[in-house]
Amino acid sequence: MKKFTSVSDVENLQEIIKKALEIKANPLTETEKGKGKTIGLVFLNSSLRTRLSSQIAAQNLGLNVLTLNAAQEAWNLEFADGAVMNGDTVEHIKDAIEVLNQYCDIIAVRCFAGMKNKEDDVNESILSQFEQHAKVPVISLESATRHPLQSLADCITITENWKKDHKPKVVLTWAPHIKPIAQAVGNSFAEWMQEMDVDFVIANPEGYDLDKSFTKDVQVIHDQDEALKDADFIYVKNWSSFDDYAAMPEVKGEWMLTNEKLSHTNDGKVMHCLPVRRNVELSDEVMDGGHSIIYQQAKNRIFSAQAVFSEILDNIK
Amino acid sequence: MKKFTSVSDVENLQEIIKKALEIKANPLTETEKGKGKTIGLVFLNSSLRTRLSSQIAAQNLGLNVLTLNAAQEAWNLEFADGAVMNGDTVEHIKDAIEVLNQYCDIIAVRCFAGMKNKEDDVNESILSQFEQHAKVPVISLESATRHPLQSLADCITITENWKKDHKPKVVLTWAPHIKPIAQAVGNSFAEWMQEMDVDFVIANPEGYDLDKSFTKDVQVIHDQDEALKDADFIYVKNWSSFDDYAAMPEVKGEWMLTNEKLSHTNDGKVMHCLPVRRNVELSDEVMDGGHSIIYQQAKNRIFSAQAVFSEILDNIK
Amino acid sequence: MKKFTSVSDVENLQEIIKKALEIKANPLTETEKGKGKTIGLVFLNSSLRTRLSSQIAAQNLGLNVLTLNAAQEAWNLEFADGAVMNGDTVEHIKDAIEVLNQYCDIIAVRCFAGMKNKEDDVNESILSQFEQHAKVPVISLESATRHPLQSLADCITITENWKKDHKPKVVLTWAPHIKPIAQAVGNSFAEWMQEMDVDFVIANPEGYDLDKSFTKDVQVIHDQDEALKDADFIYVKNWSSFDDYAAMPEVKGEWMLTNEKLSHTNDGKVMHCLPVRRNVELSDEVMDGGHSIIYQQAKNRIFSAQAVFSEILDNIK
């Protein structure tokens, strides 16, 4: 693996899931693999799971870890090519990346969508600069349009929880929120599910369809109850409108996941990438109930990261 | 030791003081003990000594350390059970703790009193959630009502500095401050001194008596000069009113510790947990004079933490 | 080496440059040297290169690293001797340093000029407290008037890039900026160049002459074009007025370094300490062109730090 910013960087999804589960069973078999090498974890945004799980994964591989909270600890970054930097920005992202090239063997970066300019977000205005200027492998810790380490952890979690012999029905369902949230987790989960041997559908209100370039031919249902019927896995996530970018068009009906709604599924397991707004996206009873595999998902972030870092290290001399 | 949030978690105080002093004499005898294990240091508040000494202690034991400045690096936390999270809070503390359970073998947390709602603080509204939801040992890095790693360091420091054959007289004296400060250090020191073989009294102005559930039968004197007489150790600390919670009732007389006041003690050693407001809580001449053992106290924070972490590790498979 | 706050702490500049280049060729030959020892990296200001390169250097030497973002993670510091601390400051720098003495074998600190009070900055009001109160070696990570780890990296970079047999002509040229910037990098580079076997001149607009105590007899030219003529190395850096402290007197002519200006040099290499304001201090075409050795300079920060830390460790039992 040369970089990891989307599912297309994975040669064989089943292989890497298998590898991650082997790591989970025995996380300390490659403690020398990263010796003398450095991974830079660059956070342009908040992070709990990604921050901690990436550090654990790197430590398990013997990597040195440099964590940089870019805005608070370093300098206000300029992102525009050709900018005359006579304003508030102190360092160009290009120069920061070139310096990281000098210091790191792997650069991992979290750069959320700005949710202001659709074109900037769709074009991955920040991650694309890392992909363009980095001379070492780049790993996405969530970008404007994707969250691939999360999606790999999701695939691992579904694999662990599926022992039956029919294809599982997986539903990605939109959930309410109070402010405009990026589509990254939804996009990414949709992309990865299309590579898994599952029956996958998306449920969201009208006006909230995800970008077709991620969902492709996946069935999109605007009636949550219909979509949830017989679901084996229910992935709960909010996102704002893609078409009317970052808008929150009015929603008809109740979309918060509750036990009542869950009762129409096939004893479905509930997933969420966290953080979750309790009693807004899903109810306390769902979050704390026996159907949730959400914390297991969080734990699998370690093994998702470790499998990816390990495969990246295979490609570094 | 299964957890460490108050003196009641210590089976044998003299034993752990002895252990801490052995660690101080030779800090690197257990560098393999924590190998492959992870301690999460979660800071909901500022920290210098606790932050650094905990990191050193963990490193000395071979533990992996994850440090999380929760507010700045992760998400704004919700603390209320059953909250409909449609406001500013992004992640429920319960979920953050459950995730930390997945990532850490030990969770250490700093969560100061809010000083707004007495009941919340008395009930340890935050630490209690860690105690309830953590599935791994919890260590307090100072909570609303106690600062036990500090108190253990205080006991170590008194032990080191006491070679005479009479019981030392230890005075915890209130000191002035400019804003409402929690009672945690005072409460905690009072609790621990009751377990030590010392004569212990508390001096504070009227209106500033600490919570009786911590001070129990300890003599409280409202005249500082009287209390300081023949003192062997003088612990200086401000706190706001407990009865009229977080208020700062008017104080008669001078309470800042000065050399003049010190001259009435038995060549008393001066202690403070730091940070200290110079020339408000105590004078420069005291802080910089030969009676202060305050920096030694700060150093002993390492060995207090290391003794506790080590005993906690004894209970983890 | 007992401390490292200016060029005068270096016994033999050519020796330490040689050592740094050996480290660059093979950075992991002393991985046991710092074992069991701790370096505290204290940041009172933002940092990218210094932060990361110091961590890498310390790790390469087996040192434990404690990083403290003092303002955000610890307490608001008081700097005035004798202050009655009844205001916003919570901990005196003296006490913070005394605590660091207890925790660290080496203290490294970044403390920029405040740019408000000339006397404070000239007297290194913060660094001087570290030099006075630290009982362990102090390393400057940039102070009010100097940036010696940068200057050493600059010397390493010039050495690497100079294979001809005449003395190189090195020009330190002022560059435009939008706000008052400290003189530290300029002062420091001037000091170190006087110890190198180079022909060194400074170009800056009238009103922008650096403090004579750093530049001494170095020729200062107020015409950039004249100064750049036949230059082999061009160091670009802004600073505000020293005489009219922190003022930005009006500047005649264009001072931003461009390819056109570069064409009058002797195929000159361009240097900058970063962060750089593109198209203000120098043009994109210079930054991204073949004459820039700026990223190499950034990389050499690792080896500058590692050489210094290593020499400091030689003096610690």
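All residue numbers here begin at 1 and follow the chain in the order shown.
Yeah, the Cβs are placed from backbone N, Cα and C, and that goes for glycine too.
Unlike curated entries, TrEMBL annotations are predicted automatically.
Together with C:Glu142, C:His177, C:Arg277, TrEMBL lists one candidate of C:Lys94, C:Lys229, C:Lys237, C:Lys317 for binding N(2)-succinyl-L-ornithine, that being C:Lys237. Those binding-site residues from C:Trp75, C:His147, C:Leu149, C:His177, C:Arg277, C:Arg301 lying by chain B, with Cβ under 8 Å from one of its Cβ atoms, are C:Trp75. With all protein chains in the displayed structure included, the most crowded Cβ environment within 10 Å among the binding-site residues C:Leu149, C:Cys273 is that of C:Leu149. The average per-residue pLDDT of the prediction over the domain 'Aspartate/ornithine carbamoyltransferase Asp/Orn-binding' (C:185-310) is 98, rounded to a whole number.
Here C:Arg277 (N(2)-succinyl-L-ornithine binding site) comes close to C:His177, C:Ile178, C:Asn238: these same-chain residues lie at least six apart in sequence, with C-beta atoms under 8 angstroms from its C-beta. A gap of 12 Å separates the Cα atoms of C:Arg49 (carbamoyl phosphate binding site) and C:Glu142 (N(2)-succinyl-L-ornithine binding site). On its own chain, C:Lys237 (N(2)-succinyl-L-ornithine binding site) has C:Leu172, C:Thr173, C:Trp174, C:Ala175, C:Val185, C:Gly186, C:Phe189, C:His272, C:Cys273, C:Glu281 as residues at least 6 apart in sequence with a Cβ closer than 8 Å to its own Cβ.
Using a CB-CB cutoff of under 8 Å against chain A, none of the binding-site residues from C:Glu142, C:Lys237, C:Cys273 qualifies. Nearest by CA distance to C:Glu142 (N(2)-succinyl-L-ornithine binding site), out of the binding-site residues C:Ser47, C:Trp75, C:Leu149, C:Arg301, is C:Leu149. Of the listed binding-site residues C:Arg49, C:His147, C:His177, C:Arg301, the Cβ environment within 10 Å is emptiest of other Cβ atoms at C:His177. Helix, strand and coil content of the domain 'Aspartate/ornithine carbamoyltransferase Asp/Orn-binding' (C:185-310), in residues and according to DSSP, is 43 helix, 20 strand, 63 coil.
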